[in-house]
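Colleague: Annotations for this protein, taken from TrEMBL, read as follows:
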- S166: active site, charge relay system (ACT_SITE)
- D292: active site, charge relay system (ACT_SITE)
- H321: active site, charge relay system (ACT_SITE)
- 86-327: domain 'AB hydrolase-1' (DOMAIN)
Amino acid sequence: KPQLVASNDRFCRFLEQYCPVVTETYYPTIWCWEGRVQTLLRPFITSRPQVQYRNELIKTADGGQISLDWFDNNDSLYYPDASTRPTVLLLPGLTGTSKESYILHMIHQSKTLGYRCVVFNNRGIAGEDLLTPRTYCAANTEDLEAVIHYVHSLHPSAPFMAAGVSMGGMLLLNYLGKTGRDTPLMAAAIFSAGWNVFESVESLEKPLNWLLFNYYLTTCLQSSISRHRQMLEKLFDMDLVMKARTVREFDKRFTSVMFGYRTIDDYYEDASPCRKLKSVGIPVLCLNSVDDVFSPGHAIPVETARQNANVALVLTSFGGHIGFLEGIWPRKCTYMDRVFKQFVQAMFEHGNKIFSM
């Protein structure tokens, strides 16, 4: 069974009644139960539901642009009125976009419930041009704030939630820690967030993890900026950035410099959501596996979570990083997908009961 960590008994009772998946025993796929194997295999094993997006580019205050991919769900039987159709904002991982299989599955789950989705693609990675020499990072929430207020302004009467995966979850937590209750969001779901960036990079620099994940992730980061080289080399030594062999080296030479941090440690401290968890002011459900090499179990802020009545952690023994595969042949639905579906439905349909039970 997962470990459910929450200081608020009413939140626990709410989850047990309306999101019972968090109390069920999670059985990982028997032939790939180990965390690293789950992490590596999930993108190849899970299906990719067909989703038709409507793309929209919105301008930012600094002259940049952000790509949003909308799934409007205009055929919704449960919510035919678009003005009040519940909306879920989805935040992919570090180099992820709306095309990731885990995002497609979240949209598929939302479609069956009648909800609308919009995917927030970080600057410069979804095929759009960079209009300014700026990309994104886990600590800077300005673009996310702009997107949240823009989406809310389009549908002010629609219930509004967000779900973030991996770095998207870190960004969302940092936003929530900064804004407290002053947000249009009624709740949020977080999956496989890296809680302490120092611990995450240290774990990823162990020899086997570097070989399996760190080097590949570094090349993905380099690839995501290489097509914008002409814009970025106005400010950066791009040859040096392209020689990075770890995520830490990339962040030291590029990300921390871009966002004005004095040192890489200053950036990593600001990017770590564990520092802001106590300030979260809306109901948040966070799913992590303790065998996730991207977010080691010992770095999950269990004690801090117990001090905030708005926070619930669901910790599984197995599942890896955005893995959570279950069943003999885990093509379709993962444990993570089921947590997402039940929690968003619980909040949209019964959220008013959460602190009155």
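Using N, Cα and C of the backbone, Cβ positions are placed for all residues, glycine too.
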Colleague: Rounded to a whole number, how many Å is the Cα of S166 (active site, charge relay system) away from the Cα of D292 (active site, charge relay system)?
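Modeller: Here the two Cα atoms lie 11 Å apart.
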Colleague: Validating a neighbour-count step here. Other CB atoms within 10 A of the CB of H321 (active site, charge relay system): how many?
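Modeller: Summing over all protein chains shown, H321 (active site, charge relay system) has 25 other Cβ atoms within 10 Å.
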Colleague: May I ask for the distance between D292 (active site, charge relay system) and H321 (active site, charge relay system), taken between their Cα atoms and rounded to an integer number of Å?
Modeller: 5
Colleague: Averaged over the whole of the domain 'AB hydrolase-1' (86-327), what is the pLDDT?
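Modeller: Here the predicted model's pLDDT, averaged over the domain 'AB hydrolase-1' (86-327), is 97.
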